[in-house]
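Here's what TrEMBL has on this protein:
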- 6-21: transmembrane segment (TRANSMEM)
- 33-52: transmembrane segment (TRANSMEM)
- 103-126: transmembrane segment (TRANSMEM)
- 146-165: transmembrane segment (TRANSMEM)
- 177-201: transmembrane segment (TRANSMEM)
- 224-251: coiled coil (COILED)
- 378-396: transmembrane segment (TRANSMEM)
- 425-446: transmembrane segment (TRANSMEM)
- 523-542: transmembrane segment (TRANSMEM)
- 576-688: region 'Disordered' (REGION)
- 582-617: compositional bias 'Basic and acidic residues' (COMPBIAS)
- 618-634: compositional bias 'Polar residues' (COMPBIAS)
- 635-644: compositional bias 'Basic and acidic residues' (COMPBIAS)
Amino acid sequence: MSGAALGLEIVFVFFLALFLLHRYGDFKKQHRLVIIATLLAWYLCFLIVFILPLDVSTTIYNRCKLAVNSSPAESNGSYVTLAPSKQKCFKPWSYIPNGIMPIFWRVVYWTSQFLTWILLPFMQSYARSGGFSITGKIKTALIENAIYYGTYLLIFGAFLIYVAVNPNFNLQWNQLQTIGIAAANTWGLFLLVLLLGYGLVEIPRSHWNGAKRGYLLMKTYFKAAKLMTEKADAEENLEDIMEEVRKVSESIKYNHPLRKCVDTILKKCPTEYQERMGRNMDDYEDFDERQNSYPSEKSLVKLHKQVIYSVQRHRRTQVQWQILLEQAFYLEDVAKNETSATRQFVHTFHSQEPENKIIRYFYTPTVEWYWECLLRPWFYRVLAVVLATFSVIVVWSECTFFSTKPVLSLFAVFIQLAEKTYNYIYIEMACFLTIFFLSICVYSTVFRIRVFNYYYLASHHQTDAYSLLFSGMLFCRLTPPLCLNFLGLTHMDATISHKNTQPTAYTSIMGSMRVLSFIADGFYIYYPMLVVILCIATYFSLGTRCLNLLGFQQFMGDSEMTSDLIDEGKELIRREKRKRQRQEEGENRRREWKERYGNRDDSTRNRAVHTDQKESSFSETNTNRSLSKYTRSNGRTERDRIELLQDAEPLDFNADSINDDPLEADSGRYQPGGRYLSMSRSKIFDDV
C-alpha cells in the first residue's frame, strides 16, 4: 500500500481533469496542441491539490521516526515503539517512501512553471493568430510575446547586475532559484487573495439563493435579456465580417496568388455563408493586377483572425441561448408544480436529449417532485450554512495563522490534535477538506470571471482556445501559493511555525524563504489579512455596484435597470415558449394524422393506382378504335398529317381569326386561334 494511494490519485486526477476539459473544450474542433497543453496544466494543478495531504501525513510519520531515533527505541514490525513513553509511530496506509516525493514535486512544479511563463503565453498568441501557415503563426506569436518576455528578462538582468556589483551579496545558484520561486509565489499570492475573498462569500451566498425559486427565475430572466443583446450583437458582427469576406472572395479570383488564403478563410465560415458565396463566384474571370486593387496578405491575416473570433462567438451565444431557455422553462415548471395536488412533476416540454432508462426508472415523476419542490431547497440551505461556516474558519485562520503561542489558527489546532494520536486518516481528511475548499473558492472564481469577450470559460464545449490556455496559466500561477498558504494555515511550514522540524517535501523544493526576509516575515504573513476587507466588499456587492455605475448591467434587486431587463427577459422567454408550443402542436398533429390515416391513405393510393391502370388500358383501346374509324372514313395518308403539322402556326391568344374546321370542332373544344369556342362566340372577356 506504500505507493498504491499515490498511483490511484494520479489516475483519478487525470480523468477528473479530462472530464472538466471535455465539458468546456471541444476535442473535435480545437487544435490538439491546445487540448494537450491545457489538459497538462489543469492536471498538474489538480494533482498538487490531491497529493499534498499525503505529503503531510508522510511528513508527520517521518517526524515521529526522527523523534524515536533520537531516544532509545525498539522496532516492532510496521511501527516503532518509543522506549520511555511506550509511544507507537504507526506507518500510515498512504505512506510514500523517502526520495519519491521530492522528485515528484520538483518535476510537477517546474513543469507547471514552464507552462505558465513560457509555453502557454506563446500558444495563446499562436491560437489567436490569423496566419495561414505554421511559420506565419509562430512569427506573429514571437512578435506579440517579445514585450512580455523582454520585460521579465530586463528585470532579471538588472537584478543580476545589482547582485554582482554589490559586495554584500554572495548569492549562490540555490539562492537565485529561491528568489525566482519567491517572486512567482508573490505574484500568485497577490492574485490568490483577491479571488479567495470573492469565493469565500459568493459560494455560500449562491447556494443560499439557490433555494429561492423566485430569485433564480428572476435572475434567469435578467440573463436572458443580456444574452439576447449579446446574441444580436454577435449576429450583426458576423454579418459584417461575412460581407467583407464576400467582397474579398469576389475580388480575388481563382488564379490569384492569394486565392489559397481566401479559401482558408472560407472554410472557417458557417456552411450557409459558404454556399451563398459559392453561388455568386465566377471562376472563369481572370484577375487583372493593373486595373483592380487587391487586399494585401496582412489584411487577409487580420480578416482571418476576425472570422475565427466572430464565428466562435456566434456559435457560443447560440448554444448558451438554448441552454438558458431550457433552464428558464424548467424553473417555470418547478414554480407551477409546487402547488400540484398529485405530487408528480409535469414538464411543459419533453427533454430534447435521449433519456436514460435506468435513471428514469428510479427518478420517477413522484421522486422528482419531492426532490425539486421539497428537499432541494432545504438541502441548499444546509449546504450554504456548512460552506459559510468553513468560510468563517478560513477568514479567522488567515488573520491568526502567524500566531504560534498560543495557536489560534483552527486548522493548525485540528492537525496538531490529530498528530498527537497519529490518526493519519483524520489528518488526511482534514487536510484534504481544507485545501479542497480553498481550491473550490479560488478555481470557481476563475471559471466565473469574464474579461469582456477575451476571456470567458463557457460550458457545453463553447470555450475558445485562448480562454482555455489562459485558464491553464492562471491555475499554474495560483496553485503553488495556494499550497504554501495551506501549509501556513496548518503550521506545517517551518517559516510560519518557527520550529526546527523536518519540513514537508513540497516546502523543501521551494527553498528557504529567509533569503528574502521582507517577503517571508512581511508579505506572506500580513497580506492574507486583506481577505477580510475583500469579503466585506463582496458581501455588500461593492464590485457589482461599481460595475453597474460604469454601465455594465449587473443583477441588483433595487435597480430600475434590473427590473426593466427582468421584464424584457420574461417577455423573451414567453415568446420562445409560445414558439416551441406551436412547433410541438404541429408535430403532434402530423403524428396523429399519420397514425390515424396512414394505412387508409396507403390503401386508397393502391386503389387509385389500380383504377388508373384500368382506365389507361380502356382509353388505349378506345383510341385505337377511333383511329381506325377515322382512317377508314377520311382516308388521310401519313404524308397529309405531316404536312398539316408543318403548316401549323404557334398559338396566339390575341388572334381574332378562328379556324372553322368541322373536324377540329367535333373532336375538341379548343381551336388553333388559342381560344375556346364558348369564349369566341360570346366574347365575354374581350374588354379585360
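Keep in mind that glycine also has a Cβ here, set from the backbone N, Cα and C atoms.
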Residues of the parent chain within Cβ reach of the transmembrane segment (523-542), under 8 Å, 6 or more residues beyond its termini: 186, 189-190, 193-194, 196-198, 200-202, 205, 391, 394-395, 398-399, 401-402, 484-485, 488, 495-496, 513, 556
Residue numbers, six or more beyond the limits of the coiled coil (224-251), whose CB comes under 8 Å of its CB atoms: 262, 265-266, 269-270, 273, 276-277, 280-281, 292, 294-295, 300, 303, 306-307, 310-311, 313-314, 316-318, 320-321, 324-325, 328, 553, 565-566, 568-569, 572-573
Intrachain residues whose Cβ lies under 8 Å of the transmembrane segment (103-126), provided they are six or more past its termini: 33-34, 37, 40-41, 44-45, 47-48, 51, 55, 137-138, 140-142, 144-145, 148, 152, 184, 466, 469-470, 472-473, 476-477, 479-480, 505-506, 509
Contact between the transmembrane segment (425-446) and the transmembrane segment (146-165) (at least 3 Cβ pairs under 8 Å, separation 6+): no
Mean predicted confidence [pLDDT] for the coiled coil (224-251): 93
